[in-house]
């Protein structure tokens, strides 16, 4: 992916390449550590919690309180050893997710997307990958799920600037998975009844390795 020219202007937090997609693979360690260092880890909501099963509210205020939310999300993601986290996974019904995720080439990507929309891709770009998928909100459970191995998301960055993110392989799966969360869908909602039942069985039989919010 080509880097932006040094004289190219972009109002966002991250630089962009020559196609307008964010370059989210630079300074990953420093950026993630900075966010995480300002945050407080929160417990993870699990399947059955109402906040996970409804569409979240758009982010319209990008002020100090929102910046703290993003920092808390990075801290929570690290505690739970996740590669992506949506706000409703820590109980906040806002359309924002964070990610710290490698692609299939091992390149690390770190960023924030608010009010995301998945770009509808033409059929010739929708090659399906049926790898296993898991979710912090369905702890210890995994199931194969077919998703396109390339994804593009449009939205806003943490300051409200327009942003475009794209990913391949595992990172593409992450972008789709986290966007789903913000519209009230878990990955198990895309499984067959039998596969969903098996995922919930896995969850019931094992203990999560991170703090979770108990359902009433």
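From the backbone N, Cα and C atoms, a Cβ is placed for every residue, glycine too.
Residues or ranges marked as Fe cation binding site in Swiss-Prot (evidence: sequence analysis): 135, 177, 181. Counted within 10 Å of its Cβ, the other Cβ atoms near residue 135 (Fe cation binding site) come to 26, all protein chains included.
According to DSSP, residue 178 (active site) sits within a helical segment. The active site annotation in Swiss-Prot covers 178 and is backed by sequence analysis.
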### Message
Using a 10 Å radius around its CB, how many other CB atoms surround residue 178 (active site)?
### Response
25
